[in-house]
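Each remark here refers to the structure printed beneath this line.
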Amino acid sequence: KVYGRCELAAAMKRLGLDNYRGYSLGNWVCAAKFESNFNTHATNRNTDGSTDYGILQINSRWWCNDGRTPGSRNLCHIPCSALLSSDITASVNCAKKIVSDGNGMNAWVAWRNRCKGTDVNAWTRGCRL
């Protein structure tokens, strides 16, 4: 599923991401835009053999199990396929664990490069939330 900007903001808010660990909703919407272009089915292979999955491009080396990543930790205790669902609950729950891990949203390279330090409120502007 490819979410609309405001549709995704509403879903993320409903699932408790707004101001989770101090990150406003705009940060999460911005991260999803530049990680997956709001597409829940996005997958990208990395040079180390791991793969990033779903709307927030969650990595199989640390966070989920795809059965093909050597030394996978699966810290969210989920199959990576769960992160490709049109229902973003699994992705959001895992993202909460990731953002609580010490580096905050810096864990997402696209957030660090494209969202951090910008006016992220623009991502939720005009949305009925």
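Glycine residues also receive a Cβ, built from the backbone N, Cα and C atoms like all the rest.
Between C76 and the candidates C94, C115, Swiss-Prot records the disulphide pairing with C94.
Looking at the candidates C6, C30, Swiss-Prot gives C30 as the cysteine bonded to C115 by a disulfide. Each of the disulfide-bonded residues C30, C76, C127 was scored by the number of other CB atoms within 10 Å of its CB, and the largest score is that of C30. For the recorded site, C6 (disulfide bond), the DSSP three-state label reads helix.
Highest Cβ count within 10 Å among the disulfide-bonded residues C6, C80, C94: C80.
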